[in-house]
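Feature list (source: TrEMBL):
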type: TRANSMEM; residues: 36-53; note: transmembrane segment
type: TRANSMEM; residues: 73-90; note: transmembrane segment
type: TRANSMEM; residues: 152-176; note: transmembrane segment
type: TRANSMEM; residues: 188-207; note: transmembrane segment
type: TRANSMEM; residues: 227-251; note: transmembrane segment
type: TRANSMEM; residues: 263-285; note: transmembrane segment
type: TRANSMEM; residues: 305-329; note: transmembrane segment
type: TRANSMEM; residues: 364-386; note: transmembrane segment
type: TRANSMEM; residues: 398-421; note: transmembrane segment
type: TRANSMEM; residues: 453-471; note: transmembrane segment
type: TRANSMEM; residues: 478-505; note: transmembrane segment
type: TRANSMEM; residues: 525-543; note: transmembrane segment
Amino acid sequence: MCPRREDDWHDDSLALDLEDEGGCVKNRWQLLLTRAPAVVGLVLLVAAVVVIWRELRHLSLHDIIKSLGDIPSGALLAGAGATFLSYFILSFYDRLACLHVRAKVSFQRSAFAAFCSYVLSHNLGCAAISGAAVRFRLYRSWGVAPGDIAQIIAFCSATYLLGTTALVGGILTLEPHAIPILSHLPSILLRLAGLGCWGVLAAYIVLSRVRRHVRIWRYTIEIPRTGIAISQIAVSAADMAATALIAYGVLPPLPPEAHFGFGTFLAIYIASYTAGLVASVPGGLGVFDSAMLLALRPYLPVPEIMSAILVFRLFYYIIPLVLAGLMFAGHELFLRGEQALMSAGQAPRRIRPSQVVRESEADFSVTVATSVQAVAGILLVLYALAAELPPLRTSLGAAVSQIADLFLTVSGVALVGLALGLSQRVALAWKVSLGVLGASVVLLVLRHAPWEAPVALALVMLLIAPFRNCYYRRAQILVAPLTPAMLAPVSLWALGLLGVGWVALQRHLGPIWWRSMIYDAHTAIGRWFLAISALCGLFALWFGMRRTRIRFEAWNSENEQLYRSLPHALQELGRRRPSGLLHDEAGRAAIPFLRTGQFIIGLGDPAGSERNCIAAIWRLRDLALQEGRKLAFVRVGQSLMAVYNDLGLTVCPDGKAGTICCFSEDYRMIRAFLSGEERQARKKRAAGRSETVSGATGS
């Protein structure tokens with residue numbers, strides 16, 4: 001049984017029912033299996049770090065930059081075209097899935113869902129989790145049933161496996177020694193394995209003609225129609241080939257005697273990409289790169305391999321992420337502009353499905369902003385350290401350029417630290433991030449950077465600025481008292497900066513001291529001071545910009561009286577005593593709630609003014625996230641239904657319990673809880689009547 005708190009389930013039979021429903025009881029083997037992927041990913045990541053360090057320790061940044069500059073413009077255009085082709089093919093994953101489940105979703109919407117989910121899963125890792133979450137929220141907002149959404153998610157995962165099986169089978173059959181790690185095995189064995197892969201696909205197609213459903217253990221799997229099954233294989237194989245073509249196109253040509261063609265590279269790419277998926281680290285970072293380095297090392301120099309990997313990541317990961325963010329920002333700006341025109345009477349009033357950023361869109365925009373800002377911060381630091389300062393005729397211009405170069409490194413570190421605050425939707429992090437980005441644009445201009453650099457940062461600002469409503473939480477630094485835990489990193493940061501200055505003065509490093517400290521061999525102590533200072537600065541930003549912990553009041557007679565004094569308060573809260581009362585930040589609205597097992601259940605709509613009630617709903621959602629519980633509301637009215645919808649909750653009318661708002665997959669458990677409450681109330685009433693009758697008989 002799962003451990004229970006004293007204020008959780010008081011009915012043992014009801015608790016047992018819900019634990020069986022939620023699957024809380026796990027044996028030791030199940031627990032080990034659930035943690036195995038994380039362990040495998042950690043092992044792969046550590047091995048990747050070792051491989052990259054071993055391969056790159058004798059490589060200079062100048063060599064990689066030179067290799068990047070040697071890539072022809074035609075190769076870059078070909079890589080960009082392959083990227084567009086790859087994402088276009090990806091859109092058919094979801095289209096085929098919608099046709100399979102017969103969901104009435106247009107191609108534009110299914111393509112949008114595919115693009116959003118794959119952009120996030122590519123950049124965040126955990127493709128099965130992040131991509132599934134995006135699909136679930138988007139398709140649910142379009143009216144697709146939860147069971148059909150689960151089929152769409154499983155269909156897309158199976159499509160990737162089918163296409164990979166087809167390509168691996170073709171490589172093993174036609175070029176059995178293309179995969180370096182298998183080159184020592186006999187050709188006949190590899191060809192038999194390739195034919196076996198094709199045999200599996202043939203069996204899948206035959207099965208789609210003769211059977212509609214297959215039962216495996218306790219699960220019944222619906223087999224797609226034959227045309228869809230064949231399309232699955234073709235679409236996925238074409239997608240993998242187009243993706244591999246991005247990196248292959250920017251590699252330098254090799255002589256025929258090297259025996260290195262597209263088939264060999266495709267095999268290496270599939271193996272490396274699969275390793276990155278298994279590791280479940282963001283973008284396969286480190287794991288994919290180390291696998292590519294190991295496999296391509298016999299054919300190419302390390303700088304050219306690294307330049308190809310960097311171009312691949314730019315085209316396939318970073319640019320689509322920025323484009324996705326710009327799509328959301330443009331959509332939000334369009335809605336605001338239209339709203340302003342309608343308010344001024346210059347445009348006809350239109351009814352749109354959603355005039356606000358829904359929770360699914362908010363999650364996506366926050367994730368994009370966080371990722372892009374962190375990448376921008378890292379690139380700023382690298383640019384300030386690696387790019388040469390422009391030759392200037394005046395001493396004033398040279399001094400301004402050098403000072404701007406120094407502050408660009410500080411801005412880059414600050415952007416990375418602030419990205420952590422953005423990921424937690426902290427309003428102060430949003431404001432400071434825009435300020436740092438704006439200052440960085442000015443610094444790039446003062447440093448005489450190429451015009452593309454400040455334009456790129458301006459686009460990052462555009463990704464973040466329209467979504468002010470997504471950042472509503474207060475920062476820890478604004479509400480928490482100054483504690484030793486908060487002062488320690490700030491103090492270490494200041495001491496690190498003092499140490500850096502001391503080393504610079506002792507070594508007489510000159511005006512560009514930070515560059516000398518990084519590149520010169522005799523300033524190792526200064527590098528340690530610089531690294532410690534940067535890490536402490538990041539920690540201080542993270543500690544200060546993280547969200548505050550949500551605190552609530554205990555349910556007692558005083559708080560009950562305060563709640564009932566607010567407008568729209570529920571007169572009857574049910575048999576069970578509420579676990580607590582949560583106020584909005586202004587203290588003008590409040591909602592009682594139950595903390596029961598896996599759930600935090602809000603009792604009715606919040607009491608208070610409408611604006612403050614909305615804030616109270618979002619704070620209850622944050623409390624559920626903070627405690628790792630699921631969120632639900634019971635006995636809610638119609639006035640705040642749009643807010644519950646924006647949270648991604650499904651409205652489920654219930655005759656006895658009123659309207660229930662919860663996630664679709666949680667409805668049965670919530671209904672079981674309410675039924676248990678009703679049974680307990682009936683038992684209590686029956687016991688009271690029997691005591692009354694027995695008392696009357698005795699008298």
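Glycine residues also receive a Cβ, built from the backbone N, Cα and C atoms like all the rest.
Caution: TrEMBL annotation is automatic and unverified by curators.
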Does the chain bring the transmembrane segment (152-176) near the transmembrane segment (364-386), so that three or more CB pairs sit under 8 Å (pairs 6 or more apart in sequence)?
no
For the transmembrane segment (364-386), distant same-chain residues with Cβ under 8 A (at least six beyond the ends):
61, 65, 116, 119-120, 123-124, 134, 318, 321-322, 324-325, 328-329, 332, 357, 405-406, 408-409, 411-416, 418-420, 422-423, 425, 433, 437, 440, 449, 453, 456-457, 460, 463-464, 467, 470-471, 514-515, 518
Most Cβ pairs under 8 Å with the transmembrane segment (305-329), selected from 188-207, 263-285, 398-421, 453-471:
453-471
Maximum Cβ pairs under 8 Å to the transmembrane segment (227-251) - stretch from the list 188-207, 263-285, 453-471:
263-285
